[in-house]
Amino acid sequence: MVNIRPDEISSIIRQQIDKYDQGVQVANVGTVLQIGDGIARVYGLDQVMAGELLEFEDETIGIALNLESDNVGVVLMGEGRAILEGSSVKATGKIAQVPVGDGYLGRVVNSLGAPIDGKGDISSSDTRLIESAAPGIISRKSVCEPIQTGITAIDSMIPIGRGQRELIIGDRQTGKTSVAIDTIINQKTEDVVCVYVAIGQKAASVASIVTQLEEKGALDYTVIVAANADEPATLQYIAPYTGAAIAEYFMYKGKATLIIYDDLSKQASAYRQMSLLLRRPPGREAFPGDVFYLHSRLLERAAKLSDALGGGSMTALPIIETQAGDVSAYIPTNVISITDGQIFLSGDLFNAGIRPAINVGISVSRVGSAAQIKAMKQVAGKLKLELAQFAELEAFSQFASDLDQATRNQLARGQRLREILKQPASSPISVEEQVAIIYTGINGFLDEVPVNKVKEFVSQLRTNLKNSKPKFAESIRETKALGSDAEELLKSAIADVKQSMG
């Protein structure tokens, strides 16, 4: 007969109990009621948060946007072709966030921060919420430093400051993206981190921008966030917020950042598509009622931080595409009212060969001369007025047959001023050279130069100042003002060029 030892049995049972460790997981799980057009209706997610990430059985991620009494409206961040009616959905307990870090510089990523340039994984040191609160009033400082675009017409008449939001608006094919890309290229010596967000663009267009930045050596300090035209509307909708989160990482580290949203019209269209599919009530132009908030909460994140927070800044250049120059449409008026000014690019000027095609009459910077160095204020003060008077006289002179000498002189000067503001793409001009060029035009030194020779004159003047009179640029860089010594050097350079051109 087997000898039973109760104490041994009880010790074995005790050991088994001690080892027993079944982790109990409480998951918030729902069931798919309906799926289609990138939208899922889910039943049973009672504890879900607005904007929470949900995971479907095929590992597709969605965002809970509509919380209704009997179901949840979820937008998918992927194709979701394997999701079936009746399949389960799990709440992750997380709000959409994106990895951030210095490793993102020089890379192309998608709306979720994953690399799409084939250069391998990105090591990230941190994560940031895609939607985060904008800095408050106490956290901010008024805009006081310029961000030089390298485009003479903008830096002189529509100056942009660090922490400002300046809208670039115009019809298709008027050079909006060129202005933004030139601004990125001009930051090479300025220690500014740039983020370019491409929304709903062709993959070929994004590839050409990457190549252009690489050729100019500007990709090293730039992050490109791309949500191409073939991607789901959800990814096009969150791309700008992802870009803002990456820029904020650098801003809160005390760096100056520049972010370009190209373009917010396509983001609004993607949001309209999502909202209509979620059956939210449509408003003007079929946009949902909160489309203003869509853009205001994004653009309010641009700021110049106070010294206590490190003094970093985020300058935003949103781009909006108009239809046939109609700036009074819904989205353009919304964004104009949110931003601190706009640069209006005109199709007529572009076709007339005036490039950049900036319509100076309705372009404005609400920060004004606070975002300019003293030297630029000294020379550019009269420029906008002169050009406005010239435009008026030019329209009038088409009907008048005989004009007095003063009017003819003003027209001649206006033509030369317009000529010096023309600038090819991807060729930014330093602020010292801009000051020299505007000084030459505004003080009548070009009045005797034939209009077709103005470009050559300006080119020779820049070469002369760079090679023979480097002290001119040094003086402006150090003092930020056009002193009497610098002015004498400039006058002597102008005289040299006039002599050499005969």
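Here the Cβ of each residue, glycine as well, is placed from N, Cα and C on the backbone.
The structure displayed is predicted, hence computed values, not measured ones.
Database features, via Swiss-Prot:
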BINDING   G170, D171, R172, Q173, T174, G175, K176, T177  ATP binding site
SITE      S363  site 'Required for activity'
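In this structure, Q173 is the one among the recorded positions Q173, T174, T177, S363 with the smallest number of other Cβ atoms inside 10 Å of its Cβ.
Sequence-distant contacts of G170 (ATP binding site), defined by Cβ-Cβ distance under 8 angstroms and a gap of at least six in the same chain, are K176, E321, T322, G325, F344, L345, S346, G347, A357. In the structure shown, across all protein chains, K176 is the one of the binding-site residues R172, K176 with the greatest number of other Cβ atoms within 10 Å. Counting only same-chain residues six or more apart in sequence, the Cβ atoms lying under 8 angstroms from the Cβ of G175 (ATP binding site) belong to L345, F350, R355, P356, A357, A425. Apart from G170, D171, R172, Q173, T174, G175, K176, T177, the ATP site neighbourhood in this chain, defined by C-beta within 8 angstroms of the site C-beta centre, holds E321, L345, G347, F350.
Between the CA atoms of R172 (ATP binding site) and S363 (site 'Required for activity') there is a gap of 17 Å. Taking the Cβ of D171 (ATP binding site) as reference, residues of its chain lying under 8 Å away and at least six apart in sequence are, in sequence order, E321, T322, Q323, A324, G325, L345, G347. T177 (ATP binding site) and S363 (site 'Required for activity') have their C-alpha atoms 17 Å apart, to the nearest angstrom. Across the structure, T174 (ATP binding site) and S363 (site 'Required for activity') are spaced 15 Å apart at their Cα atoms.
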